[in-house]
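> Would you mind keeping the following structure in view while I ask a few things?
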């Protein structure tokens, strides 16, 4: 009744009927009434505009730019808008003139109100044109939508007006009628078409965006992201991204091709808002002790300050990051959620339209229906699907932006906090943990934001689905729901089992990779001992365990996929069965069946997501707590150090008591210290007396318990452990200061860096690796010093800067830099030092003892006191570290100041002398005392051999070579050969089985659906229960067929994948252990380990899953096409063009997206490594007060990462919109053809449309997954490539069996004109060496570094193969036998003792062939028996990785024990350099002399005294033998090289 009254009042308003169902609906020629066209169809768009105008105002407010110039576009908009206003105003005036009053035409409400409403709306739109121009808004979605709706809604009236015009023409044309006055109608006709033309023009103009604004807050360059100036239409369809997709398709994208970041996502915009809310939150949580003024979040010159939670008074609770996150980013998030709500509602409109279509076809079979209804339904379905596509894309886009911004805010917040955290708080967590806050926890937020809306959306979807299902099937829905709910805990249970297995598998994987790492690190030793088979077996054993867990996981995975595939089917089976059996009257109609199926399908996704979401939220909760804990931790108190310029001295500490943050433990007590201006003050003391702590106290890094610290002026600080950034050497020295060449060169010379820089491949522009990996300790220390000197500060704190450098360099630096004549002579300096030589030149010395200053004064005063300082001097001398000249110098200084001290001093020197003499018998030990000058000598020789230019050339080649090595696998598509290799590894049977099973599964599924349609169309069922039960039974059978085939197909894929990964891993391991040594030298270890960890992991876990999904989806798409084609064969005509569109979208996407992902991951690690660096060097950064520069650097790195990340997120949206539109077209054509094709079987129509509805998601997944496969199959490619590299000679040969069992019996070794090189393309290392050693002789091999001593032994073991000539042992050429035969019959004691983690026993006898007695005997002879007996586990004592838990000497003895166990006729002794103390050395020599009496022993000697008693000596020089004779003969000849070597070592 209410409808009727509403309609009648509308009739009065118009003066004609408002709604006539017979004219609009029950007709073959539908039309609206003129009244409806002039009211609803005009008011609706206007209402839309007034409703959504708020957004436009918000955009004006949020815009960062101003002032768009007037141009053709906005002027045309203005003019047309004015035109529309004029037309509308005329309408209003004309209706007053022509109607009402005297004229016979009455005046109705519609004639006044419709023009007024239009007038107001157009005025509003007109206002926005100059406003948008002024505030730099380039496009407006609300206005576009308004003009779009207005145009669409005006189309019915066009038709009406045109028809009326035609009728009027006929009336005027026919003569019999009396003349009519048609002026009002003609005016309306004209005015409407002018209005319509203008509307269309406005719509077209609104498709384009305005020009760039003139004033912008941020620079908008040529590389700005096109999104900023894209029109609304382009933004919705993401067509602004086309350019990048095309570029990425043509050739791989590089960093320079990427666009700049949108300003509103950059740190500069995100941070101030977040900081503002964070500070508010801090103030709320930490009540002020004193009622001070509340500061605002400062945003001064681009710097953002975060308040410290600790500083303001009492703690109410922890400040959490959640409220600031809600406040800062909640707006966009809610906007996105609003989109989500709309799409959820649209999702449910689709099944309703489906039921309309089915109803239409059913009725059509009985009574022919007007065709337009069917077409309307199909178009409606298409419009719904498309709207959903566009809105969903916007939703995801919004969510990603929120995620990115949250991540940006958190990373920056954590970074800024890390610069201010106190030392005690920093020690509470490791650097790795702090970096993880950023790498893992902040990332988690980003991953979660997309799904967070599912918290309300999933329950909403389930509730709506249930509501609609209830309408279809009544209470029997609950049975289906029960099945779904039972599924959830079942799945949960399986998921938790899978998790346990995954953890176990990770454990095995780590174990395996660790072992691989050890094997590869010690590969040389393994090859020398011929131990590879034992280790190969160990790795394979672990791998077998890993495969076993993977197999269990595979069964579980198959059962989950089994559950999920049978869920929808079981649910529908249970529901339909309950529905039918609960009441005789219930019958299945086509509509019921297909609408229910569509609704069940919608419910599937939210039900799967809910359990996953809960886990994610729990994990994020943990992340929030960890970040909160970190952000609330204690900060350094800025009041630790005052800067009071009125104090007399630039640096002073008065009555200072300090601790390292532990209240109870005082590190420094009663510190009183003044440093006068321009003085050099030294702090000395024994180890651990608190010298460095004093420096830290001056920096304000220590907790001040009482007293005052005062510093005035700029600081520079050289820490004890140099902190070097991952940048060029020059950047490390400049440290943010501008480059001044003269000063820079002066600093470099003063710090003795000139020679080091010349050696480096690219001079001072050489990149220094992380933590200064490619520099020696001394170089790092000097760079750190150079940084301080270049900084030109007022106060210098030098914490033992000379500890890592050699004495003569130290002297140079002291004179040139630190001392009274150095570059810093006019600065105030505090020097912590161990070197006593420099002390006389200091102005004052403070002696530290047990955290207190025991005495202070000048050098002379302290010596007179005979106190702690004199003790310190004595102790120092007895350590015997000083050189001869230094000792004399000290002696001179002493005799001048205090002669009484000279006597005890000389005694100390004598003691030190005798100790050091016993060491310095040999060349090296003297060298090693001088502090690594051997290393330097090696370096120098390199630099003579090749000058710097050659070195830089080599570097260039290396870089190019390396790049080619890594890049190779990662651009362009993957060869078919790789896929073939994979399939072959999986095995033909399993590959075919998978395909067949998937096919069977789809066949069953289509079968069961066709059966349903047959059933629902069969009218006989209503009266025949037996027939009904038969239908139900067959339906059930079809279902179980589906379930079985899924289970087996997913099992086949998983097992096939396992089979494959087993084969691939074994072949990789097999070929890798058989690599020649040269390959290990040229390939970085990390890269090989990566193959064993990451690539194998991909093949284990990722690929099988990908392949399974792709198979299922591909067959789904095929099934859809088949089903639609069965019901409407004409559909096949459309499939070809649609297929093309799909294929191109996919190709473009894959090429672009893969490259974007790589760029993103490359740009992500610098954020974390820079952060890790900052955390380790934080005290240096604070000392130089360069926090702001580091914050900016971090911000830039984050922004750079976003630059790569943003396009890859957009690429996903771009693809989704394109693919879903393809899917929507399939829906359109499937439904159109079904309706138009005169299809009379409603079941088939329902089937084909419901299949079409599912296809969009499937297509989307298919592309994603197939591109994933392409990305991941690269792992197979890499492994295949490693399996096809060059191998060393065979380990075992058939001929070996014919050789004598106990070869070599005599141990004769003969070299005949032997030549060898390390690898192809390098020059010869041994150039034609010939000598003959008879059995049992002891031979020493000597020569300078690089003379080819080691090459001789390597050649003997065929680690490097000969390049000419041959080696005979007992007359047999060693090149003719298998490597293991050869290597297992020779024994070597290598230079650096390599041990493997495992038991002591496995380290001595990995093949377990020796008895316990033999092993104990060997241990006894190698003097390890006592040690082994003392261990609780005895021979089973676990040795840690690399033998860390044994001393170096013990490791050397273990190697000796290995040799004793082997005991072959030929022993090679590559002598340990300085690792072994003299005692151990004597033991080894004694044992070798007694135990290997009858053997041939070749010793590579570094200490001559060990080979003086040998039978022969070989002197090598540059790869040739210069002398070969008995040592006594050579020593008798003063001209011999051997003699001069002996002389150097003080042996003659």
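Quick reminder: no glycine exception, Cβ is built from N, Cα and C everywhere.
The shown structure was predicted, so the numbers you read here are calculated from the model rather than taken from an experiment.
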> Identify the transmembrane segment range according to TrEMBL, selecting from 419-437, 476-494, 495-513, 514-532.
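Range annotated as transmembrane segment by TrEMBL: 476-494.
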> From 1032-1058, 1059-1085, 1086-1112, which range did TrEMBL mark with transmembrane segment?
1032-1058
> Under TrEMBL, which of the candidate ranges 963-987, 988-1012, 1163-1187 is annotated transmembrane segment?
988-1012
> Where, among 334-619, 992-1271, 1309-1543, do we find the most CB pairs under 8 A to the domain 'ABC transporter' (651-875)?
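The stretch with the most contacts is 992-1271.
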> Which sequence positions outside the transmembrane segment (136-155), separated from its termini by at least 6 residues, show Cβ-Cβ distances below 8 Å to it?
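For the transmembrane segment (136-155), the list is 41-42, 44-46, 48-49, 52-53, 55-56, 59-60, 63-68, 121, 125, 128, 195-196, 199-200, 202-203, 206-207, 209-213, 215-216, 228-233, 235-236.
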> Can we call the transmembrane segment (451-470) and the transmembrane segment (189-209) in contact, meaning three or more C-beta pairs below 8 angstroms at a sequence separation of 6+?
no
> Which residues, given as numbers and ranges, are at least 6 beyond the ends of the transmembrane segment (324-342) yet have a Cβ under 8 Å from it?
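Counting only partners 6 or more residues beyond its ends, the transmembrane segment (324-342) has Cβ contacts under 8 Å with 270, 273-274, 277-278, 280-281, 391-392, 394-395, 398-399, 401-402, 405-406, 409, 449, 452-453, 456-457.
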> Under 8 angstroms, Cβ to Cβ: which one of 40-58, 476-494, 593-613, 1032-1058 has the largest number of such pairs with the transmembrane segment (562-581)?
476-494
